[in-house]
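Peer 1: Submitted below is the structure of interest, expressed as structure tokens.
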Amino acid sequence: MDSDAAQKTWELENNIQTLPSCDEIFRYDAEQQRQIIDAKPWEKDPHFFKDIKISALALLKMVMHARSGGTLEVMGLMLGKVEDNTMIVMDAFALPVEGTETRVNAQAQAYEYMTAYMEAAKEVGRMEHAVGWYHSHPGYGCWLSGIDVSTQMLNQTYQEPFVAIVVDPVRTVSAGKVCLGAFRTYPKGYKPPNEEPSEYQTIPLNKIEDFGVHCKQYYPLEISYFKSALDRRLLDSLWNKYWVNTLGSSGLLTNTEYTTGQIMDLSEKLEQSENFLGRGTDVNEKRSEDKLSKATRDCSRSTIELIHGLMAQIVKDKLFNKVGLGK
């Protein structure tokens, strides 16, 4: 598989739609945006924004930035606009922040950089405003922690309209679907109606409590991706860099710590389920069955990820080492 084929596969897996350059989505109407911001329709409906459209260029920038951080969280800002109930992300840029394995903190340097970048963007004709922030959760899924919820609530108070995006670079498989989630928080005191459960995702045992406490304070947006013919050269340039890194690395070796952590986490979950089984009450048995079911799904997902990594290594071995060519 060459670079072009891999790029097309990536675009198909993530359902990236190609739009004509003259499409309305690429035009920025300053007056229209000002009217929307003045009207503030999101204040009347906490669930006002339902969808988010992300350009393929912004998507690849965010994924590459998140991947470069390794096991440390990274953070960046997104530029775009709003249209009806949809938020549109046109571009994204990284911020110089201090990241750890569990949180990311923006300091004065990051705010100065942010201001300078926004001013420079306007000088070259990019009039879009900041419409959200993104950060990474290396290896533990796309959701908002307690700190993330507080940060997003603050942003929605003073910088509306604003969205939070979470990228998991470890779970994002080469030439596969990007592990990404977009969220908005509810106002304080608001009780959301019972919603359908979102797509299941593996949450490490040491993160489950943080996830469970705050999961009702925000809601996910439906995500779609788009690109234009004008994006092609920029996307090609970024993809070539990404593709070389992909060929030169192994998911099995790069994610060794993540895989080991997953196995240890599964072991703890199974042990916890076993403890509930011995208590005898119907409530505990039901809870244990639920925990066992989730542990089984986590185990299946981990196995599939390992098989994909092994298959990728076999394909690269056949392509570049020419195993069996002389037979």
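Keep in mind that glycine also has a Cβ here, set from the backbone N, Cα and C atoms.
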Peer 1: Out of 23-36, 65-78, 93-106, 135-148, which range is noted as motif 'JAMM motif' by Swiss-Prot?
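Peer 2: Feature motif 'JAMM motif' in Swiss-Prot: residues 135-148.
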Peer 1: According to Swiss-Prot, which residue out of Thr172, Thr246, Thr303 bears the annotation phosphothreonine?
Peer 2: Thr303
Peer 1: From the list Ser249, Ser267, Ser300, pick out the residue that Swiss-Prot labels phosphoserine.
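Peer 2: The candidate carrying the phosphoserine note in Swiss-Prot is Ser300.
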Peer 1: Swiss-Prot tags one of Ser150, Ser273, Ser302 as phosphoserine; which one?
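Peer 2: Of Ser150, Ser273, Ser302, Swiss-Prot lists Ser302 as: phosphoserine.
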Peer 1: Rank aside, I only need the closest one: which of the binding-site residues His135, His137, Asp148 has its C-alpha nearest to that of Ser300 (phosphoserine)?
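Peer 2: Smallest Cα separation from Ser300 (phosphoserine) among His135, His137, Asp148: His137.
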Peer 1: Can you give me the Cα-Cα distance between His135 (Zn(2+) binding site) and Thr303 (phosphothreonine) in Å, rounded to a whole number?
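Peer 2: Rounded to a whole number, the Cα-Cα distance is 27 Å.
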Peer 1: What's the CA to CA span in angstrom from Thr303 (phosphothreonine) over to His137 (Zn(2+) binding site)?
Peer 2: 21
Peer 1: Let me know how many other Cβ atoms fall within 10 Å of the Cβ of Ser302 (phosphoserine).
Peer 2: 17
Peer 1: When the domain 'MPN' (52-189) is classified with DSSP, how many of its residues are helical, how many are strand and how many are coil?
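Peer 2: Helix/strand/coil tally for the domain 'MPN' (52-189): 42 helix, 45 strand, 51 coil.
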